[in-house]
Amino acid sequence: MIRKLTLTAATALALSGGAAMAAGGGHVEDVPFSFEGPFGTFDQHQLQRGLQVYTEVCAACHGMKFVPIRSLSEPGGPELPEDQVRAYATQFTVTDEETGEDREGKPTDHFPHSALENAADLSLMAKARAGFHGPMGTGISQLFNGIGGPEYIYSVLTGFPEEPPKCAEGHEPDGFYYNRAFQNGSVPDTCKDANGVKTTAGSWIAMPPPLMDDLVEYADGHDASVHAMAEDVSAFLMWAAEPKLMARKQAGFTAVMFLTVLSVLLYLTNKRLWAGVKGKKKTNV
């Protein structure tokens, strides 16, 4: 019975995985971010650059309504000086909940909502999107590489080729742009097989390519290529979704070290308490 259930489950998994592979999932790059792994940390300068890209490019459409502006000065993040955070907040206009009047933003306010109704909020985007899925539709890859949210964002931002797939020539959806990583957009019928399954990676997205080389000018003179800016803003959005990530890692490391020391002490104590008993031989009365 157990063997039959196992075979049935394996068959279902293979079929669902095969369907997912045949559907032409989006292509996601594996980016070696500094914060990955148990000992990884956010790069403060990268987060500051990512904030600049978000402010000058992404914020025109996308909001981050769950992120308080004051968190920009907190440890583990961009760590901007408090005077810079206050100055940064003033560029936003918010509606005071008590008076109902518009006023300049304060560090205690949150980032604004998305400017467009159909523009996704980016507060939790790095946690809401999965870039890695593993073979045959399983989550094995996520066990080793993580969910891959930042990689997904990076891949979408850099996934606009100069030419669309040949199957779409002359049949591209109006007002949409082909993206190798975006999976849930529209696909012309010419890029589908007889069963209606798309035959190309990615799909068409309403967002035009948001980045181009040297679109922003970094104060530290860092490279401002499309790939560099995409990596910076992806890291920043990961921090926005997980602002306490470094603190959690530190707490986890401390807990592991404490439990390790405690285990050693308990082992030595147990050995000492039972040393006199375990060393004696039983005698027949």
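Each residue's number is its place along the chain shown, starting with 1.
Just so it is clear, glycine is given a Cβ too, placed from its N, Cα and C backbone atoms.
Source: prediction; values computed, not measured.
Spatially close to Cys61 (heme c binding site) yet at least six residues away along the chain are Ser114, Ala115, Leu116, Ala119, Met207, judged by Cβ distances under 8 angstroms. The heme c binding site annotation in Swiss-Prot covers Cys58, Cys61, His62, Met207.
What Swiss-Prot lists as signal peptide is 1-22.
Positions annotated as transmembrane segment by Swiss-Prot, on the basis of sequence analysis: 251-269.
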If one takes Cβ-Cβ under 8 Å and requires six or more residues beyond its ends, the residues near the transmembrane segment (251-269) are 38-39
Determine, for the heme c site, the additional residues of the same chain whose CB lies within 8 Å of the mean position of the CB atoms of Cys58, Cys61, His62, Met207; present them in sequence order. Val57, Ala59, Ala60, Ser114, Leu116, Ala119, Ala120, Leu122, Pro210
